[in-house]
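Novice: Below are the features listed in TrEMBL for this protein:
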type	residues	note
DOMAIN	13-40	domain 'C2H2-type'
DOMAIN	41-68	domain 'C2H2-type'
DOMAIN	153-180	domain 'C2H2-type'
DOMAIN	181-208	domain 'C2H2-type'
DOMAIN	209-236	domain 'C2H2-type'
DOMAIN	237-264	domain 'C2H2-type'
DOMAIN	265-292	domain 'C2H2-type'
DOMAIN	345-372	domain 'C2H2-type'
DOMAIN	373-400	domain 'C2H2-type'
DOMAIN	429-456	domain 'C2H2-type'
DOMAIN	457-484	domain 'C2H2-type'
DOMAIN	485-512	domain 'C2H2-type'
Amino acid sequence: MEDTVVDAEETKYYCEICNEKFSYISHFDLHKQSHTEEKLYHCDICSKTFISNNYLKSHKLVHTVEKPYKCDVCGKTFKRSPNLKKHKVIHTGEKPFHCEICDKTFSRNGALKYHLLVHSGERPFRCDICGKCFSSKGVLKQHIVLHTGEKLYKCDFCDKAFSRRNDLTKHKMIHTGQKPFHCEICGKMFFNNCYLKKHKMIHTGESPYHCNICGKIFSYKSILMDHQLVHTTEKPYTCDVCNKAFNRRSTLKRHIMIHTGEKPFHCEICGKTFPINSGLKQHMLVHTGDKIYECEICDTSFPRKSDLTKHKMAHTGVKPYYCNFCGNTFWDNTDLIKHKMLHTQKCDICGKVFAKSHNLKRHKALHTGEKPYICETCGKSFSCSDYLKNHKVVHSGEKPFSCDICGKAFSLKSNKDRHKKVHTGEKQYYCEVCDKTFSESSTLKKHKLLHSGERPYQCELCPKSYLCIKDLKKHYIIHTNDKTHKCEVCGKAFWYKGDLNKHFIIHTGKKSSSTTPC
């Protein structure tokens, strides 16, 4: 008898209803039952029905705490053998399934198949309710739950329910403290592989997300998206009631509920209502105490995603919201808006704006020349009480503020704080023009004047102008001929303390210890 070669494709069985194909008739027969109302196997615990006995057996494991399949590497147990097999790949790192288009590798064939749809753009699974299409049946099933509101997966620790098994698994780790993904460099543990991947960027210094407007780079896509809103003034979503415009559709939807008063989401524990579901979810954390948003860098947990986003910026140093009055930067727009309300005090002589009334008062003294605060020891006068208070420390010699790194003492806390940055090397203020960094916002502000050519402090007696008020004050001494820095040995007087110090070396070989103020 002549051998016949049977084509693998010819052995497949095609379903005429959904076009799905099968290699084995037993699988095909089982599948056909899914198109009928007939579900022969009943769960005697919850009355759920299944089309095969194997499915029923798998389902019954949901009701039992028994986990007979144990990982011999880490001791974790599983209800099903395939789940153990999937888990073991975490330890081996084996990824035998390879994408021929982009060379990406996968631990499971199913994951490779799902990935290939990214290249083809194919989304064959369509939602009958809203028409949205998906690349896999599993993702479609997860999506349908959004319409039905069904939450089949219940936590056996706290009775919280979830629409997806994956979400339940993640949630349970809060109770068990289990963190199966570990960093090989520093040993830190994480709930899932995604957090581990992000964490590893700290070690590599990788910042893969680039702003195409200013070139700034970010470790997280979410932070890049928030940052990009700084560059655009475009607000395409407009409220029909009050004409207020928004840069996100979701923000407009939330805003419209202010006009309608609609609050369809209701807390079953305390009766409080909310205009959006996320507001209710966040509120529920008040009752449960759950902090589900964890920082993958330092393990701090937060009840709200927005709190986590803000917190992450402390690690990256990114403060994308900039005050155009004073140069201060902020982590979120709400803080910037609150801050800008401080800039309401305006000088009626030069138009300069101040955050506080006492700062405006102090500034006006520059125009009037008024110095009502007099030092009882040396007779020097000052435009405000704070300046006098700082000056008096010069006479007392008191230095109550010590650096905890090198022990150096300072008369003012601000001087101590400034000094500490020498040790830390901290320079968080960044010039967007030349990329130079500074340890203080005031120094950055002064530096920016070099680029703009602006010299805001002008002498009223001559055409000269200066970058900072300190230089203007020094200059004024030339006009007044006021030589306040006097040598205790020979009586010679100088305009500047630096000149007195140089002169004093002639007498003693040491700098002057004169109590003349800075």
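Cβ atoms are placed via backbone N, Cα and C, with glycine included.
Bear in mind that TrEMBL entries carry predicted annotations, made automatically and left uncurated.
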Novice: In terms of Cβ proximity under 8 Å, which residues at least six beyond the ends of the domain 'C2H2-type' (265-292) contact it?
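Specialist: Distant Cβ neighbours of the domain 'C2H2-type' (265-292) are 158, 160, 171, 174, 253-254, 257, 301-304.
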Novice: Same-chain Cβ contacts of the domain 'C2H2-type' (181-208) under 8 Å, 6 or more residues past its ends?
Specialist: 90, 170, 173, 217-220, 294, 296-297, 299
Novice: Considering every residue in the domain 'C2H2-type' (429-456), what is the mean pLDDT value?
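Specialist: For the domain 'C2H2-type' (429-456), the model's average pLDDT rounds to 75.
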Novice: With Cβ-Cβ distances below 8 Å as the criterion, list the same-chain residues six or more beyond the ends of the domain 'C2H2-type' (237-264) that contact it, or say none.
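Specialist: For the domain 'C2H2-type' (237-264), the sequence-distant neighbours (Cβ-Cβ under 8 Å, at least 6 residues beyond its ends) are 229, 273-276.
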Novice: Sort the residues of the domain 'C2H2-type' (457-484) into helix, strand and coil with DSSP and give the three counts.
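Specialist: Final tally across the stretch: 12 helix, 4 strand, 12 coil.
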Novice: Can you break down the domain 'C2H2-type' (345-372) into helix, strand and coil residue counts using DSSP?
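Specialist: Helix, strand, coil within the domain 'C2H2-type' (345-372): 12 helix, 4 strand, 12 coil.
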